[in-house]
Amino acid sequence: MIKQRTLKRIVQATGVGLHTGKKVTLTLRPAPANTGVIYRRTDLNPPVDFPADAKSVRDTMLCTCLVNEHDVRISTVEHLNAALAGLGIDNIVIEVNAPEIPIMDGSAAPFVYLLLDAGIDELNCAKKFVRIKETVRVEDGDKWAEFKPYNGFSLDFTIDFNHPAIDSSNQRYAMNFSADAFMRQISRARTFGFMRDIEYLQSRGLCLGGSFDCAIVVDDYRVLNEDGLRFEDEFVRHKMLDAIGDLFMCGHNIIGAFIAYKSGHALNNKLLQAVLAKQEAWEYVTFQDDAELPLTFKAPSAVLA
């Protein structure tokens, strides 16, 4: 049986909030089977829980937020959510003593290291996947994203940025997803932004944690970070990282093919909601026999060591 996963032990880290620029303490806790992914703000009294849910997602200019029925929000969840998807973590409680998850280095890699440090435990309960049965597509002007049936999880993402720092040959990235491929090829890709936007936001008291330490920063011509890029195509790899996190907001790894053109958080979420709203387009599946599981989701030894 393919089993649900949680953490072996509690781990903690500190980082800076993208919005406030203040120190944030992040605590990751194991959770029982069928808990799902729960984000929790402990700076509120009593603490407020935000279960990962496609319907709770709001896309703001700076990040992805989860918002509850009282309009309370937790911000900057997308990169940690991508790390959970990458390692197939089904059950976890994520606590922060702030309104936001720390931005760390702007990628998912610090969260991957933290999760691996906690260790990953299998629970004696079948892991539920969402399997795509019919093609579903959403559009917004010339942007689009779609899911097709496929026995695995593949992603094919194209961006179209007209910028000298982004070579036209580095605007598409495609991969067959696996925990190993996610860790090596995607998790280290950082978010990016324009220097002028960061300066403008900071002049208005926003994005106070934004810096060269947590993003690729560009002007109109070039990358301004001293160390340059981690990958030649880091921009499109990061957009794929975002998509992996966005699509895991249903709380389950997805079996299907994802293809997108110029998509972002809002359109990724619109696609996920469109799939879930169309009952005949998907189904929950479990795997009693390991041999039936798509190769994509076989855990590498590093994950379950």
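The backbone N, Cα and C atoms fix where each Cβ goes, glycine too.
It should be emphasised that the depicted structure is a prediction, and the values quoted were computed from it without experimental measurement.
Record features (Swiss-Prot):
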type	residues	note
ACT_SITE	His265	active site, proton donor
BINDING	His79, His238, Asp242	Zn(2+) binding site
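Shown here: features listed in Swiss-Prot, placed on the structure.
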residue: His79; record: Zn(2+) binding site; Cβ neighbours (10 Å): 30
residue: His238; record: Zn(2+) binding site; Cβ neighbours (10 Å): 28
residue: Asp242; record: Zn(2+) binding site; Cβ neighbours (10 Å): 24
residue: His265; record: active site, proton donor; Cβ neighbours (10 Å): 21
- So which binding-site residues out of His79, His238, Asp242 end up within 10 angstroms of His265 (active site, proton donor), measuring C-alpha to C-alpha? Asp242
- Query: With the Zn(2+) site defined by His79, His238, Asp242, which remaining residues of that chain have Cβ atoms positioned within 8 Å of the Cβ centroid?
  - Reply: Glu78, Ala82, Gly106, Ser107, Ala108, Ala189, Arg190, Thr191, Lys239, Met240, Leu241, Gly245
- Task: Give the helix, strand or coil assignment DSSP yields for His238 (Zn(2+) binding site).
- Result: helix
